[in-house]
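K.L.:
Mind having a look at this structure? Questions to follow.
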C-alpha cells in the first residue's frame with residue numbers, strides 16, 4: 001500500500017509539475033504577445049523601427065553609388081554598361097526607400113490616399129526592374145555562349161517592364177477613382193504575380209547559366225568564382241522574390257499582414273529586411289568585383 005501511495009504521490013507531483021510548466025509557457029506566450037502589441041502600437045517604437053530601416057536602406061544606397069563611381073573610374077571610356085545601370089538603379093531604389101521611411105508617418109497621412117500607395121509601391125516596381133536587368137544580362141550571356149541570337153531579348157525586357165508599369169498605373173488610377181478593398185486586393189495580387197515571374201526568371205536563366213558553367217572545366221580560379229557567383233545570386237534572388245510573392249498574397253487577404261500601415265512596424269522590418277535589404281546587400285557584395293580594364297576582355301555595354 002505504501003508503494004501504491006508513493007506512486008500516487010509521484011503521479012500527482014508529475015501532474016502538478018506539468019501543469020506548472022504549461023502555465024509558465026502560457027504566461028511566456030502572453031508576455032511575448034503583449035510585447036509584440038506594445039511595440040506595434042507605440043508611435044515611438046514605430047518611428048524607431050522605420051528610421052532603422054531608413055538607415056539600412058541609406059547604407060545600401062551609399063554602397064551602390066560608391067561601387068558605381070569605382071566602376072566609372074576603372075573604365076571611364078565606356079558609357080552606360082549593364083553593370084553601371086544595375087548599380088545606379090540600386091542606388092535610386094534604396095535611396096527612395098530610405099527617404100520614404102524617414103518620412104513614413106507623413107506618408108501615411110498624405111491625401112489623396114492614392115499617393116500613399118504610389119510612394120510605397122514605386123520602389124518595389126523599380127526593384128523588380130533592377131533585378132530583371134540582371135536576368136537579362138544572364139540571358140544574353142547564356143544565348144551568346146550557345147551561338148543563339150539575342151536580338152529579341154532587350155525588346156522583350158523593355159516590353160515586359162512597360163506592361164508591368166502600365167498595368168500598375170491603371171490599377172492606381174482605378175483605385176483613385178474608386179477606392180474599394182477589391183482594387184487593393186487586385187493591386188497586391190498583381191504584384192505577387194510580378195514577383196513570382198521574377199523568381200521564375202532567376203530560376204530559369206540563372207539555373208541555365210549555372211548548369212552551362214558546370215559543364216566547362218573549373219580548374220581556373222576565375223571560372224570557379226563565376227560559377228559560385230551565379231549560384232549564390234540565383235539562390236538569393238529567387239528566394240527573395242518568392243518570399244515577396246507569398247507575403248503579398250497574405251497581405252492582400254489578411255489585414256494582420258498589411259504592410260501599408262503604421263501599426264505593423266515589426267512586420268515591416270522583417271519583410272523589407274528579407275526581401276530587399278539583405279538580398280541587395282549580398283548581391284552587391286558578391287558582384288563587387290570591378291570590370292577588367294580596357295583591352296583585357298570584352299565588356300557588356302547597354303546599347
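From the backbone N, Cα and C atoms, a Cβ is placed for every residue, glycine too.
What Swiss-Prot records for 1-48, 104-117, 178-183, 254-265 is topological domain 'Extracellular', and it gives sequence analysis as the kind of evidence. Positions annotated as transmembrane segment by Swiss-Prot, on the basis of sequence analysis: 49-69, 83-103, 118-138, 157-177, 184-204, 233-253, 266-286. Positions annotated as topological domain 'Cytoplasmic' by Swiss-Prot: 70-82, 139-156, 205-232, 287-303.
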K.L.:
Take a look at 49-69, 83-103, 157-177 and tell me which one has the most Cβ pairs under 8 Å to the transmembrane segment (184-204).
P.N.:
157-177
K.L.:
Hey, which of 49-69, 118-138, 266-286 has the most Cβ-Cβ pairs under 8 Å against the transmembrane segment (83-103)?
P.N.:
49-69
K.L.:
Taking contact to mean three or more C-beta pairs under 8 angstroms, with sequence separation of 6 or more, is the transmembrane segment (157-177) in contact with the transmembrane segment (266-286)?
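P.N.:
They are not in contact.
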K.L.:
According to DSSP, how is the topological domain 'Cytoplasmic' (139-156) divided among helix, strand and coil residues?
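P.N.:
Its residues divide into 11 helix, 0 strand, 7 coil.
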K.L.:
How many helix, strand and coil residues does the topological domain 'Cytoplasmic' (70-82) contain under DSSP?
P.N.:
6 helix, 1 strand, 6 coil
